[in-house]
Amino acid sequence: MPRLLIAASGTGGHLFPALAVAESLPASWSVCWLGVPDRLETQLVPERYELTTVRAGGLQGRGLRKLVQLLQLLAATGRVRKLLRKQGIQTVFTTGGYIAAPAILAARWCGIPVVLHESNAIPGRVTRLLGRFCQVVAVGLSVAAKRIPGSKAVVTGTPVRSAFLSPQPLPHWVPCGDGPLLVVIGGSQGAVGLNRMVRGALPSLLEAGCRVVHLTGNNDPDVGELDHPNLVEQPFSHEMPGLLQHADLAISRAGAGSLSELAVCGTPTILVPFPQAADQHQEANAACAAALGAAVIVHQHAAEHRALGHALEQLMGARLRGNAAASNPLIPMKQGMMKLAVREADQLLVTLLKPLIGAGL
């Protein structure tokens, strides 16, 4: 029986693509999962796959802190090596992040092949440092391939959960009416700056008949500040495929996972890159979508609500005013998103894994 270790941890951007690949594997394969304690995977993974957790962190600190992190990495690598041998793992698949480092190093130690998936336009630290130890580095965006040394990079796109790839109903709790639907994705941790920016731009849209679903995340202190019958605020939704498939427009950060979900749904989007993202990778992700005409970029700054309000007026104003003769700028944006989408990304990654699974014997 082929035995695969999936190392994916932390955020949905790392976890959901890995789960999509796991769902697409042949039924005969056995999957073990490597994660970090107290992260999202402890909620999503155990009901489907055997989960092992190890402490892992980055190497961004200095002095004593960096030394502690290095010792932690060495300890984690030793634990993963024991896991690989105990479970008879033949291949490792990882989506990057902190957990990828001990997984790649332990696999290298044991002579086990690794497929690393990098979803962002600018490769992360682990990809840059440890990609050389992997048999294949799969990338979600073609521009990232140019930043991968050697000839290991293969463009596969970033996998999305299967529900995004088939028609889904509009959730029943979405505000009723004929107005266009705007979906705001604030982020799982609550992007407070983005949420405040959105609330500053919404009142005129709501009064004009626009329906708005605002997914605020868990840590937004201003929930309930704006009250309107056309507005629904929720921390998150398990019905994202239905929301995005039926949305006329979305507002989102520019994480690679979110961008892939928006792309397969063909959802025109205003992207607001997270200003503190490592290496400004969200700026680069957003630029890829904007270059195809799929998205408009609005930056978070002192006059953010005015910039966002202007973009919303440009994209939705004519429809809200009932001007049927005006051209709809959302149509070419939808076409651009469809060009960005790679609907078979999960299958492409499985195809890369199949010839390697025997190489780890």
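The backbone N, Cα and C atoms fix where each Cβ goes, and this holds for glycine too.
Here's what Swiss-Prot has on this protein:
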type: BINDING; residues: THR11, GLY12, GLY13, ASN120, ARG161, SER188, GLN282; note: UDP-N-acetyl-alpha-D-glucosamine binding site
Open item on the list: Say we define neighbours as other CB atoms within 10 Å of the CB. Which of the binding-site residues GLY12, GLY13 has the fewest?
Closed with: GLY12
Task: Which same-chain residues, if any, lie at least 6 apart from ASN120 (UDP-N-acetyl-alpha-D-glucosamine binding site) yet have Cβ under 8 Å of it - done: GLY140, LEU141, ALA144, ALA256, HIS281, ALA284, ASN285
Task: Sparsest-packed of the listed binding-site residues (THR11, GLN282) - C-beta count within 10 angstroms - done: THR11
Task: ARG161 (UDP-N-acetyl-alpha-D-glucosamine binding site), number of other Cβ atoms within 10 Å - done: 17
